[in-house]
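Inspection log for the structure reproduced underneath, given as structure tokens.
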Amino acid sequence: MHLNSTRKIMLAVLLGITSQSIYASGVPVSPQSKRAGISGKIVVDISGKVTDKSNGQGLPGVNVLVKGSNSGTITDVDGAYKLSVPNGDVTLVFSFIGYVSREVKVGMQQAIDVQLDADVSSLNEIVVVGYGTQNKRDITGSVGSLSSKNIKDMPVTNFENAIQGQIAGVQVQEPSGEPGAGTTIRVRGLGSISGGTEPLYVVDGFPISKNVDVGVQGDVSRRTVAFALPPSNPLGTINPSDIESIEVLKDASSAAIYGSRGSNGVILITTKKGKRDKKPVIGFDTYFGFQTVANRVDLMNSAELTAYVRDAKNNAYLQDVVGANAADNNATRYTKTTNTSYYIPDDYANPDGTDTDWQDLVFRTSPVQSYSASLSGGSDNVNYYVSGGYYNQRGVVEKSGFERYSFRVNLEANATKKLKFGLGLSPSFTSNDRSPAGAPYFADPPGIVYSALVTSPTVKPYLANGAINQTDNQSHLYTEDGRGANMTSSSNPLAIIAGVTDKLNQFRTLGNLFAEYEIIPGLKYKLYTGVDVNNYNRNFFRANSLLFREATVGDPYGQSNFSLNYNWLIENTLSYNKMFGQNHSISAVAGYSAQKDHIDINQVLAQKFPDDLVETVSGGQVTGGTSTQEEWSLVSYLARANYAFQSKYLLTATIRADKSSRFGEGNKMGVFPSVSAGWRISEESFLKPVTFISDLKVRGSWGKTGNFLIPNYASIGLLNPANYIFNNVLVNGIAPTTISNSSLTWEKTTQLDIGLDFGIIKDRVYVSFDWYKKITSDLLLNVQVPAAVGFLNALQNIGEVENKGLELTVSSRNVVSAFSWTTDLNFSTNKNKVLKLGPTGDPILSSGGAGIRHITRIGDAIGSYYGYVVEGIYQNQNDIDNAPKDEVAPKPAPGDFKFKDVNGDGRINALDRTVTGNYQPDYIWGITNRFTFKGFDLSFLLQGVQGSEILNLTRRHLANGEAGTNSYAVETERWISASQPGNGKIPRADRLTDTHGNNNRPSSYQVEDGSYLRLRNLAFGYNFPKKALGSKVQSLRLYASGTNLFTSTKYVGYNPEVNNQTTLSGVQGEDYGAYPLAKTFTFGLNVTF
């Protein structure tokens, strides 16, 4: 049987079932064969056939609607239809996915055949750019764009997750799976060492900041900066269902309109608005589902760990102790040495066979749900959009979750033909239950996930009385009964969950008002005002019940943080759009902008809580507190002009001047120009005969942008309270803590971009290609200053870094018929290289979570990993004797690592440390495929990263050979002897490796390949035909969706996107325990009335 015949039979069956369900449900169907309806009114019977214009084939499933009503039908398997209409004055609307809709007035016709053109081009789309819109085909810069249809099936907390893998040159990382945690976005690489690297976010014309002061929500008092909790995402207050489009301005031509804030790229978020002359449309979107941990770490079980511990203890014992025998019990060992590192703990005898899976106990299946309702529409002079939403995500770790209530009103109205007003208002409330899941087990409070990884499976989670077991994993000192010791202690992860409460509430209101007046045709004046009010409230409590590692009593403390941040904006702009004759068009905008941001931060600390009944600071003794106020302001002048001749020759010039309060006197003003041009070769007469080329345009841009993401008062000397003794009396005073620098100025980025856009076969395949080179100069660095100044270092503009890369975007409409298949592909590379560092060019060594393991030096990428290079394993003593002398390894033995003599001087020492990898990838990519057939739709997004390395600091405990904690299961493939070398990559077990081969030193052994391929999203849906929905329902779609369903990677940890130090460019890519990503399964409904 032919495929087309099979399809027709299947569709006939489906349509038959649908028709029967319509009759069964009592929905009236007008008789097709009569001139009068049931009500007695005269009707007109219309029939015809809808075909594909390109091949003449009938199109089944086309919607045929009477314009302005809910009356209609769908075509059958051959594309035929029949419909009764009230009279000949009505207009029929023919619409089908993948085709251009067509309207036909009935008039005196009774047979209406229609041909539909495939909708294969998006070049006539209107794209939002800074301070205006532009036809996509006329853009001369580099702009990535996503519409609401690209994110509608993704059950994401925030819109940033939806961008991942969908725009070339934009790397979106999800370093933590904690509900409400933020993402990291890099547009065309990393362009700063000490300044901020996040792009600017502009919501409906209002530039907002994603950065939140760490004093408000970054960390609790006893955790160091290296182990800070991932900051909650301020942009999580925006409901993704309210977003109409997302544009990313990548090159200087498009981003220069934002001047000093454009160096890291600009992300424009445009929310939905109602349409003029449209009846009210009620929309309701919902989904619900569940989440599980996307990936688990493969650890040793009790039997494997017991053998590992004995092996590590015995290897150290036999190497160091005269007369040692592996068969010696602890009592015998005690007679030969008092070093308890050689004793085998009795816990690991494990007589009752305890084999606790701590990951099973810590992780759970958790629910997620979302509800959004909207009302939109408009008349001749008014359009409106009103929505409300609720989102709730529980975390895969207990006591973690994120909840959001959102509301939005967008209203526009014409007071006269020339005067228009607009209002946008979006209050929202989020509540974030946070857990100290990330960070090592020795942080305070301890990391839940890391504690689950290191805690021995031989330890029982609960005592016999049902209480959480907090004693059996503590270090046991040697006693006369022969108990062994020197095992690493950790807190029971269940006790951490029970004993720590951390809630962060945020109330945020974004609002704007505008008035627009048309002075003369084409010339408009616009007054825009906006405000962003952001209120944070955080309460943290660590209970008496939690015993920190070896503690025998609790040490409770609490912390309360409060902040109020308000940000206002006033802008005055003139815009002009004019066509001169048939060939010349000009569009221009010029304006003035003033913005000011103010924040109040308050913090109170308390200790000595008598019990756990009151979890606020009022339940303890207040022991400290701080109160801070900060603000910044920005005054700007801007202008942009676009000129086009016959849509063939295109030219754009932009300039912005910013004056910022953050920089020194004489350097507060920065000027940022750009220019770009395009040539549409396809409009030239010599290319017209080449019919398969539908569009061909070359473009280029050059310009400058800036980065003002530095501390508010970096250019002036700051004072802090300081106490001193005078006449034996403690006196309160103040002292300078930073040195002033009045010459401090902007980090400036100069970028060159050359692009090519071309489409073939009526743009069924459309390709965009970009090559760019951006150099950021005047990088802000802390450099040493003469001691006589009274300070060790000062912030100065002295660095330079380069980012250079390629971007490719391909959109292909592979099949355009009743069955449609489209593909969107993006691919991008970026090479980051430091060009200058300070007056002497000395490298910058940086400490993250475990000492100096990062280097920023000329010729390499920012924040590269730094350490020794492993080049093998010693197999015997002869290997050791013939190798360069390892001055960092006191007593190497067979089975220890052999390190590379990088400088070739015959010795292994600190001079042999070198770059061992970098977190920044070689290239990133994403590919989306969408299929539709007779109401069914299927889509999937594959996304990947290649060439990124991860500094896996969990190896300091889970793969260090000391066996002081539980370890990766792959450690069972370790070197045991020359005849049992394991997999050749893992050294011997050694409880005292630091005094022997020192295998645990910073080295390439802790650097792992972070490349991955991920099935980011998979969605399957069904759109019910209009005929089956009745007169009240306009559309109905049911779908199932999944995210993070599959990840292929060599990385042994939870998540190859992990990055503990998200805010510090110099120490990127560390994994020292992080909240794992979740795998999500959801079922959803979209309906409009």
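Just so it is clear, glycine is given a Cβ too, placed from its N, Cα and C backbone atoms.
In TrEMBL this protein carries:
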SIGNAL    1-24  signal peptide
DOMAIN    136-266  domain 'TonB-dependent receptor plug'
REGION    979-1006  region 'Disordered'
COMPBIAS  995-1006  compositional bias 'Polar residues'
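Note on the compositional bias 'Polar residues' (995-1006): residues 316, 319-320, 850-853, 866-870, 874, 886, 888-893, 895-897, 899, 913, 916-917, 951-953, 955-956, 959-962, 987 of its chain, located 6 or more positions outside it, place their CB under 8 angstroms from a CB of the stretch.
For the domain 'TonB-dependent receptor plug' (136-266), the model's average pLDDT works out to 83.
Note: the compositional bias 'Polar residues' (995-1006) comprises 4 helix, 1 strand, 7 coil (DSSP; helix = H, G, I, strand = E, B).
Applying DSSP to the domain 'TonB-dependent receptor plug' (136-266) sorts its residues as follows: 35 helix, 30 strand, 66 coil.
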